[in-house]
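Peer 1: Per Swiss-Prot, pyridoxal 5'-phosphate binding site is recorded for Gly113, Ala114, Asp251, His316, Ser317. Taken from Swiss-Prot, the feature substrate binding site covers Tyr146, Gly315, Arg410, and the record attributes it to experimental evidence. The annotation N6-(pyridoxal phosphate)lysine is assigned in Swiss-Prot to Lys280 on the grounds of experimental evidence.
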Amino acid sequence: MTHDLIEKSKKHLWLPFTQMKDYDENPLIIESGTGIKVKDINGKEYYDGFSSVWLNVHGHRKKELDDAIKKQLGKIAHSTLLGMTNVPATQLAETLIDISPKKLTRVFYSDSGAEAMEIALKMAFQYWKNIGKPEKQKFIAMKNGYHGDTIGAVSVGSIELFHHVYGPLMFESYKAPIPYVYRSESGDPDECRDQCLRELAQLLEEHHEEIAALSIESMVQGASGMIVMPEGYLAGVRELCTTYDVLMIVDEVATGFGRTGKMFACEHENVQPDLMAAGKGITGGYLPIAVTFATEDIYKAFYDDYENLKTFFHGHSYTGNQLGCAVALENLALFESENIVEQVAEKSKKLHFLLQDLHALPHVGDIRQLGFMCGAELVRSKETKEPYPADRRIGYKVSLKMRELGMLTRPLGDVIAFLPPLASTAEELSEMVAIMKQAIHEVTSLED
């Protein structure tokens, strides 16, 4: 049966963000999971070192979450949210508003983080039209930014490897610099931050009359390599958006729900977004639910008699699905009863200490961390910061070695991403970092 399943997967499946030639050479099929480990069809266990793409909170098969889904199944699995609502979607909306930045008063459900961002872009665009400023149609995106894979989200993204092929499909956006301290000329966080803010201020000064919104990941640029923003940068962006009357869209899809040691990462700098996208950890990693938060001011710009054509015409079939909302409610109840955010903040200190051990490795150039979002950047030369040639695929080789040693993750180029489930114990964190260290050492030693 094992061989048969592998052959079927090779014959029929097309996996996301995967060169299928690589999969054919190194196939993997997961069968089950318990706690922070998953098991493949051969019975081998692996630490879930990237939280099943940055979303698992409590581990796999958390009884309370399993039971919440079963209980909701006894009532109804799904009904539409078009023109009506349902019980768990309504209850979840109230809970989400209670835990979100105080100026956000409305939630719009969707199925993925990319769609949540797409919705935010469309809301921002239509907001200005609805209030009589249709000339504000353009967007500012951050260099190296990533917001998902729909055409709108790609248009405000800036990762060449992912996005260049779709250039003719994308709408044009202005690109603003982001402080990548390790690769900056000075290497000084304050200087790097201030220079980037000056360039953003100049861009806004020249173009604010045509700009609807700025989109930015919250505190950490994830897909570009776990780039942690220097203190004061996100707050500085908020101040500039306010000064130049530009909406601020904050992407909390990866960073939200405790991942950075705050419920939402923008809380680190007391930033109040105009629109905010969230997803991933909202259901504890169980079902696909996402949400776009909006201020009351934005909501009211759409609230009018139907004939005035201010309705927000967006929505998908499974928006506000009861099973997803029910498990999200239980997930957030566990956040409170188990003090998840406080625990992550405390365990992050232990994790920081553990990660410092990687600095001793000759090809680890930089280690970046905010909460349970971590990245180790591998370089050919630690002294010059020279990267490995892309065709060496060092990050990919390290991830395969980690799999062999009993831990799953996915590299971001030559940055080894480490985003463990929030429920990971200190002992489990120590074991996972040890696997990272061994894999990096073994692979880079062979590449010298």
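If you go along the chain as it appears here, the first residue is 1 and each next one adds 1.
Backbone N, Cα and C atoms are what each Cβ position is placed from, and that goes for glycine too.
Note that this is a predicted model, so its numbers are computed, not measured.
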Peer 1: Of the binding-site residues Tyr146, Gly315, Arg410, which one sits closest to Asp251 (pyridoxal 5'-phosphate binding site) when you measure Cα to Cα?
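Peer 2: Going through Tyr146, Gly315, Arg410 one by one, the Cα closest to that of Asp251 (pyridoxal 5'-phosphate binding site) is Tyr146.
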Peer 1: Applying a 10 Å Cβ distance cut-off over all chains shown, what neighbour count does His316 (pyridoxal 5'-phosphate binding site) have?
Peer 2: 15
Peer 1: Are there any residues in the same chain, six or more apart in sequence, whose C-beta is under 8 angstroms from the C-beta of Gly113 (pyridoxal 5'-phosphate binding site), and if so which?
Peer 2: His147, Gly148, Asp251, Val253, Ala254, Ala277, Ala278, Gly279, Lys280, Ala290
Peer 1: Quick one: among the recorded positions Lys280, Ser317, Arg410, which has the most Cβ atoms sitting within 10 Å of its own Cβ?
Peer 2: Lys280
Peer 1: Consider the binding-site residues Ala114, His316, Ser317 and say which one has the Cα lying nearest the Cα of Arg410 (substrate binding site).
Peer 2: Ala114
Peer 1: Tell me the Cα distance separating Tyr146 (substrate binding site) from Ser317 (pyridoxal 5'-phosphate binding site), rounded to the nearest angstrom.
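Peer 2: With the alpha carbons as reference points, the distance is 25 Å.
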Peer 1: Just the number: how many Å between the Cα atoms of Gly315 (substrate binding site) and Ala114 (pyridoxal 5'-phosphate binding site)?
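Peer 2: Their Cα atoms are separated by 14 Å.
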Peer 1: What's the CA to CA span in angstrom from Ala114 (pyridoxal 5'-phosphate binding site) over to Tyr146 (substrate binding site)?
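Peer 2: About 9 Å separates the two Cα atoms.
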Peer 1: Count the Cβ atoms, other than its own, that fall within 10 Å of the Cβ of Asp251 (pyridoxal 5'-phosphate binding site), considering every protein chain shown.
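Peer 2: A count of 32.
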Peer 1: Just to confirm: which same-chain residues, 6+ apart in sequence, have a Cβ under 8 Å from the Cβ of Tyr146 (substrate binding site)?
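Peer 2: In sequence order, Gly157, Ser158, Ile159, Phe162, Glu217, Gln221, Gly222, Ala223, Ser224 meet the Cβ cut-off.
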